[in-house]
Amino acid sequence: MTEKIGLFTGTFDPLTNGHLDVIKRASQHFDQLYVGIFKNDQKNPLFPTDKRVEMLEEALTSLSVTHKVKVIKHERDLTVNIAKKLGVTALVRSLRNSQDLEYEKNMFYFNMEMTGIETIFFLAKPELEPLNSTRMRELHAFGQDVSAWVPENVSRELRKLDEKK
């Protein structure tokens with residue numbers, strides 16, 4: 001039987017409880033789930049890539065899925081190219097709302113055309129729908145406490161950033 005290998009990518013800057021929920025749920029459907037922290041040249045990161053990897057790996061220890069989940073990072077390549085190199089059988093994406101659906105439908109088309117790799121979509125739980133990294137960065141920049149929406153270790157790192165100001 002073919003091993004089921006998934007790939008869930010993002011910038012995770014910062015990691016949210018919504019991201020963790022998708023990772024936990026997706027890991028139940030794969031023998032191996034890669035979580036790729038990728039650089040996005042169109043975003044100005046709050047945390048360097050290595051720090052985001054460290055925070056994600058620490059947050060994953062609370063989920064009891066570390067035996068199935070491997071965090072990887074990549075600076076410059078298409079997700080589908082990385083997926084082919086890793087032998088991925090399906091890409092994992094999360095949908096929070098209709099805007100996500102429209103964006104992901106377009107990506108699905110090109111990913112399928114270029115590689116034939118399927119995409120599996122996970123709907124965000126209703127209580128996690130509003131969460132996204134951009135909103136967390138914005139709220140944090142204006143001095144708001146985001147600890148209810150991010151893992152504890154991420155909240156701690158955000159407080160450290162505040163102390164450096």
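A Cβ is built for glycine as well, from the same backbone N, Cα and C atoms used for every other residue.
Residues or ranges marked as substrate binding site by Swiss-Prot on the basis of sequence analysis: Thr11, Lys43, Thr79, Arg93. Under the heading ATP binding site, Swiss-Prot lists Thr11, Phe12, His19, Glu104, Leu128, Glu129, Pro130, Leu131, Asn132, Ser133, Thr134, citing sequence analysis as support. The site 'Transition state stabilizer' annotation in Swiss-Prot covers His19.
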Pairwise Cα distance for Leu128 (ATP binding site)/Arg93 (substrate binding site) [Å, integer]: 15
Packing count at Asn132 (ATP binding site) (other Cβ atoms within 10 Å of its Cβ): 20
Neighbour count (Cβ, 10 Å) for His19 (ATP binding site): 24
Sparsest-packed among the binding-site residues, when each Cβ's other Cβ atoms within 10 Å are tallied, from Thr11, Thr79, Thr134: Thr134
Listed in sequence order, residues with CB under 8 A of Pro130 (ATP binding site) and six or more positions away: Arg96
For Arg93 (substrate binding site), nearby residues of its own chain (Cβ under 8 Å, 6 or more apart in sequence): Phe8, Glu104, Met107, Phe108, Thr119, Ile120, Phe121, Phe122
Listed binding-site residues His19, Asn132, Thr134, filtered to Cα within 10 Å of Thr79 (substrate binding site): none
Count of other CB atoms lying within 10 Å of the CB belonging to Lys43 (substrate binding site): 12
DSSP state at Leu128 (ATP binding site), helix/strand/coil: helix
